[in-house]
Amino acid sequence: MDVETTNPSWWLSFPHVVVATISSFLFGYHLGVVNEPLESIALDLGFSGNTLAEGMVVSTCLGGALIGSLFSGWIADSVGRRRAFQLCALPMIIGASTSATTKSLAGMLIGRFLVGTGMGLGPPVAALYVTEVSPASVRGTYGSFIQIATCLGLMGALFIGIPVKEIAGWWRICFWVSTIPAGLLAFAMMFCAESPHWLYKKGRSAEAEIEFERLLGGSHVKYAMVELPKLDRGDEADTVRLSELLYGRHFRVVYIGSTLFALQQLSGINAVFYFSSSVFKSAGVPSDIANVFVGVANLSGSIIAMLLMDKLGRKVLLLWSFFGMTISMVLQVAAANTYALGSASLYLSVGGMLMFVLTFALGAGPVPGLLLTEIFPSRIRAKAMAFCMSVHWVINFFVGLLFLRLLELLGPQLLYSIFASVCMMAVVFVKKNVMETKGKSLQEIEIALLPQE
């Protein structure tokens, strides 16, 4: 059996990965879509000035996402990755149309909830699919596409929201626009390869071979097929119980995964995304310029991460990313310190926030989603990913709910100090627990991490 020494060419799997990341683009778009138009939505639907209702429009989406991500593993395992993408596009189209045509707050919330279920289903399936169809040599680079697509979605939403103050009812257009990429995702997925890992798990080896040929090229099929049996076979794959993720031999990888996501959310990043405009406003920077700055910092960080992911490796990026975030939060604390002079504290606060977003996008943003799909064994991958994403959504929801309240109660200095210490804890955690997966095949990673029975 001669092992193919050169790496499979990246361009064969490239189009499949790009189509999969449309789901991440949609995810980013719907995260940001109500950011600018919220006031005019509130005016048109008659709940303006009601902060609870405004908060509901933002967070119903997150509630839907929690439900979507809880079921994502089960859906991806039972109908396959391609169908799962099409299922994620469906509620996004229906939900966005509902929000776009509604005349009441209730209709808006139903639409947001439906969109949320698609948002929860998309990212874990995208992470799974990208990991399973890409050659090991470019897996990290492809994994960062997910983060870049999310950034572009966020920026797209802010960009399309610009005329909302001038044109009456423009916010309806903002929702309508999102149905285009969602329709494109559902349509283009019909022509994409199914994940060979999933096919093999279902006992459809011949089809897995055909898909490998499409993804890696003929000369690599044999080697890829030889690697597959080292993974768990599918006969038992349907019975992954929750208890197995929490107590069994998989406990360690699931613990690493959910802790990484928890630390990622508790570092304060979403508080920064949700409320950057109000922080900038207090510093006298207009919100649209602030949003552009945050978007550019996020995008440039993600692009740098994409270039470095397969060179430096995941662990290095995570360590430096969390370390940089700690420094940025310390700057924010210094800025919040009342002794700092007017303009100095302004520069510190804006600079600290932009540096925070940039360092986040370098590692803490893109790495956890990619790393988890790599360290989870094939058999539990979809279910474990769903579990960790659910942890992520629950924490995300509460951060969004409580951030402004905590800011009032604790004051910025104490709150930012808490964020800084979380980032420092993350550095220690990554140093102790995370293994490097760069350039290894999924099989090698699985063998290295699992306690042998």
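Placed from the backbone N, Cα and C atoms, the Cβ positions cover glycine too.
TrEMBL assigns the feature transmembrane segment to residues 12-32, out of the candidate ranges 12-32, 75-95, 264-284. When the stretches 289-309, 316-340, 384-407, 413-430 are ranked by Cβ pairs under 8 Å to the transmembrane segment (142-164), first place goes to 289-309. The largest share of C-beta pairs under 8 angstroms with the transmembrane segment (52-72) comes from 108-130, of the ranges 12-32, 108-130, 346-372. At the 8 Å Cβ cutoff, the transmembrane segment (384-407) and the transmembrane segment (170-192) share fewer than 3 close pairs (sequence separation 6 or more) and do not count as touching. Contacts between the transmembrane segment (170-192) and the transmembrane segment (12-32): present, as 3 or more C-beta pairs lie under 8 angstroms, all at sequence separation of six or more. Sequence-distant contacts of the transmembrane segment (346-372) (same chain, six or more residues past either end, CB-CB distance under 8 Å): 123, 127, 130-131, 139-140, 143-144, 146-147, 151, 257, 260-261, 263-264, 267-269, 272-273, 276, 279-280, 283-285, 293-294, 297-302, 304-306, 308-309, 314, 317-325, 327-332, 334-336, 340, 384-385, 388, 426, 434, 437.
Under 8 Å from some Cβ of the transmembrane segment (12-32) lie the Cβ atoms of residues 61, 85, 88-89, 92, 96, 115-116, 118-119, 122-123, 125-126, 129-130, 133-135, 138, 142, 145-158, 161, 178, 181-182, 184-185, 188-189, 192-193, 214-217, 273, all in the same chain and six or more residues away from its ends.
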